[in-house]
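K.L.:
Before anything else, here's the structure in question.
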Amino acid sequence: MSTAVDASVPVAEQEDGAANILAGKKVAVVFVLGGPGSGKGTQCSNIVEHFGFTHLSAGELLRSEIKSGSENGTMIDSIIKEGKIVPSEITVKLLQEAMVKSENDKFLIDGFPRNQENRLSFENVIKISPEFVLFFDCSEEEMVRRLLGRNQGRADDNVETIRKRFRVFEESSLPVVQYYDSKGKVKKINAAKPILEVFEDVKTIFQSYGPKAA
Ligand SMILES: Nc1ncnc2c1ncn2[C@@H]1O[C@H](COP(=O)(O)OP(=O)(O)OP(=O)(O)O)[C@@H](O)[C@H]1O
Ligand SMILES: Nc1ccn([C@@H]2O[C@H](COP(=O)(O)O)[C@@H](O)[C@H]2O)c(=O)n1
Ligand SMILES: [Mg+2]
């Protein structure tokens, strides 16, 4: 049975970068951003393995919602195929449910916030400030090559939708990165290098979180 979500739970610690409380539990959040195909999911898997975070991909949660046959599934499906951004209340609710259900107290939130509406909705509902924002920087040319070679059967990995996703990334997601940069919270990674080299740089950033518990 899933735990009920109570958005009215008081949040005791709200300072920037501090651990916060979700449903009575102190949790730390890292937002993982970068263009489509920059390697967010790939590196999150490595971070989970080495540093014991729970990986929550907003895109995966939305794709699961489609597969579950939920009442919002058809709407989410058409938005994803258009490369657009799903209304924040849906995505934030899915993230909140996943966080409340998890036993972990440290989360990588991948592909979120995708726009300022996402950011404000998370701030207002979940009331947690990220420890930092991990930003994967990669050229569009390289990202297209990766997406077209991904072969995971994703409905949005086609040339037409990829073009739209890049436009949304530039117009809606980069301003979020700039917002967090102005707060000194962005840790930028050169994501154009091979996977293991990118992870060497990622490891340096996560060192203070210590190894995964045995
Ligand atoms: N540094 C890298 N060098 C070469 N290929 C990579 C690298 N990182 C990831 N890839 C490959 O590129 C593809 C996209 O990677 P991944 O799914 O991690 O990207 P993403 O940022 O999560 O994309 P999306 O936003 O579309 O979910 C995958 O096939 C992955 O194996
Ligand atoms: N915050 C988000 C995240 C994702 N989406 C939609 O899902 C698509 C796939 O996301 P990935 O991170 O897995 O690439 C994305 O293009 C959006 O359509 C969203 O709406 N909001
Ligand atoms: Mg991904």
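The backbone N, Cα and C atoms fix where each Cβ goes, glycine too.
Where the annotation comes from TrEMBL, it is an automatic prediction and has not been curated.
Sharing the feature lines straight out of TrEMBL:
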- G37, S38, G39, K40, G41, T42, R150, K193: ATP binding site (BINDING)
- R63, K84, I85, V86, G111, F112, P113, R114, R154, R165: ribonucleoside 5'-phosphate binding site (BINDING)
- N118: CMP binding site (BINDING)
K.L.:
Nearest by CA distance to T42 (ATP binding site): which of the binding-site residues is it, out of R63, I85, G111, P113, R154?
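P.N.:
Smallest Cα separation from T42 (ATP binding site) among R63, I85, G111, P113, R154: G111.
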K.L.:
Do any residues at least six apart in sequence from G37 (ATP binding site), in the same chain, have a Cβ closer than 8 Å to its Cβ, and if so which, in order?
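P.N.:
Long-range Cβ contacts: C138, E142, M143, V144, R146, L147, R150, I162.
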K.L.:
So which of the binding-site residues K40, T42, I85, G111, N118, R154 sit close to ligand 2, that is, with a CB under 6 Å from an atom of it?
P.N.:
I85, G111, N118
K.L.:
Give me the CA-CA distance between I85 (ribonucleoside 5'-phosphate binding site) and K40 (ATP binding site), in Å, as a whole number.
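P.N.:
Cα to Cα, I85 (ribonucleoside 5'-phosphate binding site) and K40 (ATP binding site) are separated by 17 Å.
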K.L.:
With respect to ligand 1, which members of the binding-site residues G37, K40, T42, R63, I85 satisfy a Cβ distance under 6 angstroms to one of its atoms?
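P.N.:
Listed by sequence, the hits are G37, K40, T42.
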K.L.:
Could you tell me the maximum Cα-Cα distance in Å between the residues recorded as binding ATP, namely G37, S38, G39, K40, G41, T42, R150, K193, rounded to a whole number?
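P.N.:
The ATP-binding residues span at most 17 Å between Cα atoms.
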K.L.:
Of K40, G41, R63, R150, which binding-site residues come close to ligand 3, meaning Cβ under 6 Å from one of its atoms?
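P.N.:
Correct list: K40, G41.
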